[in-house]
Structures are given as C-alpha cells and as structure tokens.
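These notes are about the structure you will find just below.
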C-alpha cells in the first residue's frame, strides 16, 4: 500500500503529465460562443453579387456584339477574348491600390466606391457603338472595382473564425448566383427588339422610339447597372465598418464623449443630452453596428452583452469582437510533429516577420498558395472562355452551333447547381476532409472537366448535326452536363484557397489582411486576364487550322491544369498546425 508521500508524489506527477498534455494554445471558450453576425454578413453578400453579374452578363452576347462591331469576317474569338480579358487585367493592376486603401480608410468606403464604378461602367458598355468604346468601358469596369479582396478581408474580420468555412464558401455561392443571373440577363434580354418584337420593336409599347434597335445590348446592361446602384444605397445605410483600427478609434471617441458627459453639470447634461445622444446613436449605428439604447445613445457594452447570449443585435456582437481582439496572440512552436513542410513554414516565418508585401511574396508557403490559385483561375477562366466559343462555332469545325439563349441557359443552370453545391456540400466536405485535402481534390477534377466537354462535339459530328443541337440529343447534352458538373466541384477550390490564405495570416507577427487578400486576388486576376484571350485565340486557331482535328486546345488546357495539382503538394497544413497549437490563430491587421 503506497504511503502518503508516494500518493502525493504520484498525484503531483499525474498533474504534471496532465499539464504537459494540455494544448499549448487552447481555443478561447468565449470565441466558441460568439454568434454568427447574420445581418451584416447578408449585407456584405448582397454587395458581393455585383462583380460576377457585371463580369458574366456579356458572355452570351459578346460574340455577336464583336461580329457587329468588327464585321463578320473578323476573328471573333480573338477580339471577344480580348474584351473578356480586360476586366481582370485592369483589376489586377488596381487590386493592391484598393486593398491598401481599405487598410487605411476602411472597408466600407472602398466597397461602395467599387460598386459605383461597376454601375457606371456596365451601363457604358451597353451603349457601345464602336469596338474601342466597348474596350474602354470594360477597362473601367475592372479598374474601378477592387471589391473582391476587400470583401474577403471584411468577412474575415466580421465573422468568428469557427464560422469561416460557411462564410467563405458563401463568397463562391455569391459568385455562383451572380454568374447565374448575369448570363440569364445577357442571354434573354440582349437584342430585345429581335427576341420580343411585340414589346420592344420600334413603335411597340416599350420600344422607346427604336432605342433597342440602336443599342441592342443596353437592356441587360442597364439592369445590371441598376442592381449595382441599389447595392450602393443598401450598403450605405446597412453595412458596418469592420476595419479594426477604425472600430477601435470610434469606440474610444465614443467613450471620451461618455466621460465628458458624465463630468458635466447636471443642468448642462439635461440641456444637451437629447440632441447629442441622438447624433451619437445614429453615427455609431451607421458606421459600427452598435445597438442604440432607448435614449438613443449607443451603448459601449451592447456588443459584449449580445455575445454573452442576450437578445442584442448580432451586428453589435460582431463589432464587440472586433473591438476586444485588437492585440495579436503570441505564437508557440511545438517541438513535436516536425513535418518537413510545416517546419519549413515556421522557419521561413520568424516571430518578427513584419508581413510586408515583400516578405509575403518571398515566403514559400505563400508562393505555393499564389501559384495554385493562379493555375486554378487560369484553367477555370480558360475553360469558361473556350466553352462560350465552343457553343458558338459551327459543329463541322469543332463547336456546337448553339443560340445565345441556349448558351445563357446552360451557364445559368451551371451557376445554379454550383450555388446549391456550395451551400449543401462544401461545408460538410471541408469538415470531413480538411481545407487542404479538399483543395487538392478540387484541383484534381479540373483535367477531367476539360477533356469531357469536347466529347460533345465528337458525338455531334458523328450524328451530322450541322444545323444545331436539338434538346433531344441526349448524348451531346450528357457530355455538356458532365463537364459542367465536374467544373462545379472543381470550383470548391476557390473557397478552399480563401480559407488557406486567411489561415496563413497566423504565420506572421503582423500582416495587413487587405494586402494579403489583394495579393491572392492579383494572382487570380492576372490569370483571368490572360486566360480568356489566350485560350479563345488558341481555340479559334485550333478550329480554323483543324489542329488535331479541332481538339488541340483542349489537350493543352488539360495538361496545364495538372500543374496546379503538382504545386499543391508543397502547401503546408496550417489549419492542422493551428488545431495542434503550433501556431496561434489570429486575424491580422487588428493593430494595423
């Protein structure tokens, strides 16, 4: 029977072992209880819809538009690819500027500025009567809109990290909704005087004196511009500011105001209180998501109360989280689990790493994320551009000879299916597989999506469907559907990459989140700029010269897509490192 001293020694030893087994960086219980900021999140998603609508609305009618502006004998694929590329090309050159401005001036003003630019530029595009007018309008659309990187930063700051998978997958959902709405508007509302002469021809009820004959593509573009304008108004009144340093400054200013009111004489407070409190309540609610009290003042404790489970406004809870988590957590490296890649990541990012643009670009882990993002974006946008030209060109040279309305319907249905998949499948797969494994799986699907689509032409040629593809041609449509379904699941890579990029903030002592997301988006936008022109031209040449019987371009794209798979094998599992306590989870830029 052990003695009292032995029992005490054993107890002490057990306690010591228990302490050794404790996680180095336990997850705060408070963070686990934070509610999802539903309403400000919804506002942010509404604002996000503008870019995919503006980007994709021209796809169903871009080839007929170019044929009208440049002549039927011109190289339609080349010029259409140029116009499609300009949006992302100009956006690529301005992303760092807009991301940096959002780190300085706040997320909200930059988002509203980008939406205003989208509204103006898409309306100008619809009024195009010359090729160069269309080029300038498309350039403006990209240059004035750097919202995608800013939205990602605002989302990371607004939503608790445990909700990030569903939050960032929602960005892809918004993209899916946008590319569903955009092609539908472009396909069914372009050339309204020809499609719906009873309503829109000259002299008809909505003919407007022949406006739609003069500007056959203005109707869908004007509707897209109106949607963007409504989003500006909606965001102006309901979008909270999320940049931590601005939220913190406003909180301090509000607290100083409260203190000055408390030190004033009772008579002066009574005289000034109603007007001043009303003004403070309006300003705080408008900018920071505070919940005004009954007297009209914004309570500095309302966010904390909401987060603890009261019935306070959820936006206040999100704001309180931003206010209280300003200081970055300390990061500890574990002596165990010395995986080569993860150890290399830690060695490449010492505690004092400033997170500057130069240090970000020179970090191998960030480089791999940017490279794989570039491959994913290049292949996806290349496939989109080739698919549009593939649907337009005659069957005998390698296309499908579809009508614009058929093209719009296919793209819209693919976008709708993608939206449902992002909602119902991505969060579940992310939890089961982990972000990195899901990312690699998505990249592996790309080559199969590419090589499946031209099989539709093989079937169409075999059945001599030179006049077009009817709805009863199951074999042709089967390959079109299969390719687009594979592309839907491959698109999970975008949401996965967003999560991986924001998780990478944990590897740096300080980093401006807007700048980090802008770098990632630059890699994507650069490829989206190169992709449409490059692969539209390649497919056009392939069709004209009948290279590999009209299928060479598809083979080239499939080979390129394998590069992203290989590059992804060197990415470290930062998510696993966070869960094991080897690095601290943080949202950088809080003290920016």
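Quick reminder: no glycine exception, Cβ is built from N, Cα and C everywhere.
Unlike curated records, TrEMBL annotations are generated automatically.
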- Message: If I go by TrEMBL, the feature transmembrane segment sits on one of 320-345, 476-501. Which?
- Response: 476-501
- Given the ranges 273-296, 369-392, which one is assigned the annotation transmembrane segment in TrEMBL? 369-392
- Task: For the transmembrane segment (369-392), find every same-chain residue at least 6 residues outside the stretch whose CB is under 8 Å from a CB in it, and list them.
- Result: 59-60, 62-63, 76-77, 80-81, 84, 88, 361, 398-402, 406-407, 410, 439, 442-443, 446, 449-450, 453-454, 457, 483, 487, 490-491, 493-494, 497, 500-501, 504, 519-520, 523-528, 530-536, 539-540, 553-554, 557, 560-561, 563-564, 567-568, 571
- the transmembrane segment (551-572) vs the transmembrane segment (78-98): 3 or more CB pairs under 8 Å: no
- Message: Using a cut-off of under 8 Å between C-beta atoms, tell me which stretch among 110-127, 438-456, 476-501 contacts the transmembrane segment (217-239) the most.
- Response: 110-127
- Note on the structure: One stretch in 78-98, 110-127, 167-190, 407-426, 476-501 has more Cβ pairs under 8 Å to the transmembrane segment (36-58) than the rest, namely 167-190
- Message: Counting a contact as 3 or more Cβ pairs under 8 Å, with residues at least 6 apart in sequence, do the transmembrane segment (476-501) and the transmembrane segment (110-127) touch?
- Response: no
